[in-house]
Amino acid sequence: MAVMGIQMVVTLLVASLMQRVSPHYSFGRWLLCNGSLFRYKHPTEEELRTLAGKQKPKAKKERRTNGVAEEKPLTVPKDIDLRLDTQPINTMDALVLRYFLEYQWFIDFALYSTIIYLFTEAYYCVVDAQNEINIGVLWCLMSIIFSIKVLFTVMKHYFRSEEGGERSVCMTFAFFFLLIAMIVTIVRDEYLEFGLEPGLASVCHNLENFLAQQGWQWSMPFVKLAFKIALVALCAFLGGCLTFPGLRLAQTHLDALKMAADRPMLQLLLHMSFLPPVIVVVLWIRPITRDFLLNAPMGKESVELMSNSAYNTFRLWIIVLLCLLRFCLTRFHLQAYLCLADRWVEQMKREAGRISMLEIQRKISRIFCYLTVVALQYLAPVILTFHCVFMLKSLGDYSWGLYPEPPGFSPVVDSSPVQSHSPTSEEEEDTEDVQAAVEQIMGVLTSLRGLFTPLFFRGIFSFLTWWVSVCQIITSLFGLYFHQYLGAS
């Protein structure tokens, strides 16, 4: 409590509130069950028999002729005039959804993490609390970890598929993203301004001083190589996890545009919500954005449109606003997915032959049961990007523009020995031994905390934010091509 102060109090209050309020009111549950989304109900066997012109099966005694039971008809023509009834999604309907509890907990946790982060930002604006641990950063870090965990859980679902096609798609894209990440990590900062190399150099310098203080020797080039290998492996893993979310986003985007054919303003917003990954990627390409804005050509002269700190703030706000825009259009994408049931029925009517009643019911029910999976695929990348930006701002010592940006610094590990007083008695000797041990432990913890500089955090979270957008661009563009040309053929 003394270390974190009021932040710990607010954290405990929010955690208690989350535990007590979530069973009664859940933001994630409200997103699905507020009455704006409607599902298509599958037809009963009696309705299908009526549409097919078949009589109701006779009683069990009447169906036996010469000791042989008459088989129950299970198929109907595909071209029957089937029209699906709709019903708003309520809480009881949502309980049968796949991964509904995981979805509800994840969305609620992301919301409370954002609330705590906003509180800590306001607290840091009012109070000089630079020596306190920023508890909001810890919540954002957990949101990032849970976002990746949710995406991995959904990806594992595809790996359990019996057909194996989804598994091959994920592995192919993961290997493809591995190659791209290997290329990106060797691009100089003059083109992609992540700042990974300066940040890694500062960490290695502090680590070398820390190890020398402990009497250890370590090869710094090996540390840099191991870090880059781990970063490339993480990029490939994220690429595999973001494969099907990107493909699904492309499908729901096309379907949402068809639903909004008579609403041009909504179509404009849908197009704008599809472009955020492209804008985020461009924001870190130095010759196109920062160099242009800092030295904009005006005739024969160059004009500085904004400063370096102003551009950093501008980039943070742009990403936050784009994430909020995509979040606000969640309902239209989810409804576009639910309308796949009606589209499938219309496609079935244009085909010849017969189809099982059970298959019709199963297909329509399956679309609704996977609604939360689609919601996680849509919202998890948004939440991941959103909280990566929060981490970039706080740990990278950036500013929202509401107060001056603190200067970046690279703390050097202090190698001075811990001072201790000479004991005067046995009791004082024991007490001072404990104090010396505590001081030594605190000194080691302080040194470990000083290893990771704001320059390093700027590099790592800039890269992660940029990489998530790259994965979304590639997978969603491939999804557009697949659903428009390959899927339609």
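Each residue, glycine too, has its Cβ placed from N, Cα and C.
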Handout entry: Same-side flag (membrane), ALA250 vs GLN484, source Swiss-Prot
Key = yes
Practice task
Answer with yes or no whether the transmembrane segment (99-119) touches the transmembrane segment (265-285) by the criterion of at least three Cβ pairs under 8 A, sequence separation 6 or more.
Solution key: no
Exercise for the section: With an 8 Å cut-off on Cβ-Cβ distance and a minimum sequence separation of at least 6, pull the same-chain contacts of ASN34 (N-linked glycosylation site), or say none. Expected result: none
Problem - Beyond the flanks of the transmembrane segment (135-155) by 6 or more, those residues with Cβ under 8 Å of it - result: 4, 7-8, 10-11, 99, 102, 106, 109-110, 112-113, 116-121, 170, 237-238, 240-245, 373, 376-377, 380-381, 383-384, 387-388, 390-391, 394-395
Practice task
Report, as numbers and ranges, every residue of the chain located at least six residues beyond the transmembrane segment (167-187) whose Cβ falls under 8 Å of a Cβ in that stretch; write 'none' if there are none.
Solution key: 155, 158-159, 161, 196, 228, 231-233, 235-240, 243-244, 467, 470-471, 474-475
